[in-house]
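Student: Shown below is the structure under consideration.
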């Protein structure tokens, strides 16, 4: 009888150990889920930071473009001489520039400057 009680107490201990191991397994799976949630949050934060960075770069490029287009419009409004006309001070060069503009079809001013013989 003593042996049976001892066996039953050992069985009780084994069951308790197995239930504790089961609980530990549950805890580890909960920790795994929490870790996955943390990883997802960090991934979302990183994506939002990258998106913010991209938006800032885009807005700065737009600002540069707007300021350059504003500058061009202001120059046109003020009837300032064009870049090519500023380069050629002599009236002969200005007339030569006009001839080149008329004869060339693509109006590429950078190559027009190379053709000038001021």
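Quick reminder: no glycine exception, Cβ is built from N, Cα and C everywhere.
TrEMBL does not curate its annotations; it predicts them automatically.
Feature list, courtesy of TrEMBL:
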- 1-78: region 'Disordered' (REGION)
- 1-23: compositional bias 'Basic and acidic residues' (COMPBIAS)
- 49-58: compositional bias 'Polar residues' (COMPBIAS)
Student: Please work out the helix, strand and coil residue numbers for the compositional bias 'Polar residues' (49-58) from the DSSP assignment.
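Tutor: Secondary-structure breakdown of the compositional bias 'Polar residues' (49-58): 10 helix, 0 strand, 0 coil.
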Student: For the region 'Disordered' (1-78), jot down how many residues DSSP puts in helix, in strand and in coil.
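Tutor: Looking at the region 'Disordered' (1-78) with DSSP, the answer is 76 helix, 0 strand, 2 coil.
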